[in-house]
Amino acid sequence: MLSGLVSAIRTLTIFSVPGKDAENFSSSLYWFPVVGAFLGTLLAACAWLPLSIGWSELASAVVVVGGFIVSRGMHADGLADMADGFWGGGDRERTLSIMKDPTVGSFGALALLSLMLLKWVAILRLTEHGAFALIASGVLLGRLSQVLLAASLPYARKEGGTASGFVGGAGRTHAAVALALSLMMTLPFFYRDPFLLFLLFGAALTAAALIGFLSMKKIGGITGDVLGAVSEVTELFVWLAAGVAFTAF
């Protein structure tokens, strides 16, 4: 079981840990929310340092840039590839071919710039309120969304690919365990505000459903790029939803 945790850390982060990878990579999906909680806590702690001297803009930038660093930029790269393929391609095969091209096109660049700007704005609002638990929750729920898509949609490439080992063996049990763990880790912080908890999970599920729908429509399934993209989009949706809650209520 711990081999799944080792695989999850090696897959989702820049950190190197001792131990053997799981024989079945889908078993690492159980641990995705746990790794997300660790990364979210790390980023929130890094944001606290500049915020302690009153520099909320830098605190927000630290979370955005730090998130790219600790994930090796893998998820952001997935978003760029997905944007280039989905909006710069044509038929299914052409779209998949573009997504495999390492070159970032105009749609990918626009997606990354929009992501960074919107994340910075949303996190700025959260740091101004000292909402570190919300920052961490966005990262956690981003990894939950990856599990939900992997467990519910087929792999799009017939020849397989980097993420096929995760998607091929995933099922309802992985989704249920990941969802339960996510609730267990977030509930202690938001049990006094069930509306906010509902809002966070609602934003995450909306992001997952949106990306899943687009991916099924465009390529008939998901790829590693799509799993990376859904993590980034979920973080953005969760942080924007939390920011709106602070603004409106």
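Each Cβ is built from the backbone N, Cα and C atoms, and glycine gets one as well.
The shown structure was predicted, so the numbers you read here are calculated from the model rather than taken from an experiment.
As given in Swiss-Prot:
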type	residues	note
TRANSMEM	29-49	transmembrane segment
TRANSMEM	50-70	transmembrane segment
TRANSMEM	104-124	transmembrane segment
TRANSMEM	131-151	transmembrane segment
TRANSMEM	165-185	transmembrane segment
TRANSMEM	194-214	transmembrane segment
TRANSMEM	226-246	transmembrane segment
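Of the Cβ pairs linking the transmembrane segment (226-246) with the transmembrane segment (131-151) and spaced 6 or more residues apart, 3 or more are under 8 Å, so the two regions touch. Long-range contacts of the transmembrane segment (104-124) within the same chain, counting only residues at least 6 positions beyond its ends with a Cβ under 8 Å from a Cβ of the stretch, are 47, 56-57, 59-61, 63-64, 67, 76, 79-84, 86-88, 98, 135, 232-233, 235-236, 239-240, 242-243.
Counting Cβ pairs under 8 Å to the transmembrane segment (165-185), the top-ranked stretch among 29-49, 50-70, 131-151, 194-214 is 131-151.
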